[in-house]
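Here is the structure we will look at.
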Amino acid sequence: MHRAVRCLTGLLLIALSFHSIAATMYISDELTVPLRRGPTNGHKIINAALPSGMALEVLGEDKAAGFTQVRTPNGTDGWVPTQYLQANPVAKDLLVAANKRIQALETQLKSTKDNFQETRSAQSQAETRNADLDKQTRQLQTELAELRRVSATSIAQYEENKQLKVENQQLLAKVTELDSQVGQLRRNTQFKWLMGGGGLVLIGLALGAWIKSRPKRSTWA
């Protein structure tokens, strides 16, 4: 009887030392962490190497032992050392996400440029479309500015960030080129309208001169 009471008391103390947390933690950079059945290094290893960046669902924490109870994406429950967990995704994963966003922006910019070429067929349609393109260009520039800010604060320590900055500059150059093409199209359209109006004036002058040069018929004829 006394033994059962001691067991129940011990289980209660262990339960009170756990903190149930509805959160997600990530394995730290450049680490592979073993997943164990219990909150000590002596417990059996369930998974020998949880990779860096893996997202784990936090089930509880044994602060005294320095272990956190987690659940892996495939549903396996176990314990890992708390010191190897961090609240935010690792920088390499952030870099991958940033590169994907850049590729999406480049694709969107190419689509915008292709659509812009189609507007050259009519001046009235071109003016409306140019306003939309200007708005899209400003939105892209805003997103790029935010992306550079995140890169400078979160990923600047990694060598891969150098390539990211180069890609940002290339994308800005493409945006500048698109702005230049929009301006050139507007100037070309205005020039065509001006030349058309001047041509009508010249035709009117020539017709008037020809009428004046015709010999007048005598009223006595």
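Just so it is clear, glycine is given a Cβ too, placed from its N, Cα and C backbone atoms.
All TrEMBL annotations are machine predictions without curation.
Going by TrEMBL, these are the annotated features:
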type     : residues : note
COMPBIAS : 118-128  : compositional bias 'Polar residues'
DOMAIN   : 22-89    : domain 'SH3b'
REGION   : 113-132  : region 'Disordered'
SIGNAL   : 1-22     : signal peptide
TRANSMEM : 193-211  : transmembrane segment
> Looking only at the domain 'SH3b' (22-89), what is the mean pLDDT?
Replying inline: 85
>> Going by DSSP assignments with H, G and I as helix and E and B as strand, what are the residue counts for the domain 'SH3b' (22-89)?
In response: 3 helix, 35 strand, 30 coil
